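Asker: Starting off with a structure, shown below.
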């Protein structure tokens, strides 16, 4: 077994999108958790194009005396995982922890993740206990987790929880990947030699509403299906073969019945023919739509456009500066 490098510095990466109500409490509690580690630490807040005063609060926190907070401002909303990747590109720690800004996963769990990673794990995931989400969110999460487990073969219990710890080599490897649709927990587990999970507390959301609407969850499902595997395309080929064989068999059967029962029966079977035809057409459209998803993602990857555009980075006790597009 390989000995893992000691953890000397911890970086906490937090994507922020319209979280002005929770930010002061988030910063206070995360700072307190990091101070208890007995290691060097930093907090990176990434504003993902917020329309409220989240960015102003972040900048103010970075400019306070003895601040350990780095604020990264994106020029618009790129999504949670793109914002986290923007944070990854600015970390300096040996262990990187991701955390949502809504305080549903308590920052007080950070020392437990660090302690577990100190045992030599490359990735430390978490499983939310007594989830305080709606039935719809819980059901969608179960479906997504089952889909990921079946596709990747890695039996992690809760891929949807972003409270996770990654060692620096895993982060550096993910930054070298250039997929447009990135689901960080899965990508990290692909490269991790040793991964584990620990149970964590899950609190009810105190401020605002979830940023994952029904349509965003549907889009996430499409992202997972098309970025993880080509199995759906193989299933389409199998389905096409079954339909072709079924259609040929049905044609033979109809010809035999036509000859046996006469032309009167043929007229009575028109509606059945239409039903079969519409079934085949529906299957074709489903296949075309799924194939289009794959082609669209290939097109986006070939264009190689940046995943995000960093507008400003504010370091503690430093002057804000403007950057070019990154990653």
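Each residue, glycine too, has its Cβ placed from N, Cα and C.
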Asker: Out of 215-235, 236-256, let me know the one Swiss-Prot marks transmembrane segment.
Answerer: 236-256
Asker: Can you dig out which of the ranges 186-206, 270-290 Swiss-Prot describes as transmembrane segment?
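Answerer: That would be 270-290, per the transmembrane segment entry in Swiss-Prot.
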Asker: Limited to the topological domain 'Cytoplasmic' (1-235), I'd like the whole-number average of pLDDT.
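Answerer: Across the residues of the topological domain 'Cytoplasmic' (1-235) the model's pLDDT averages 84 on the 0 to 100 scale.
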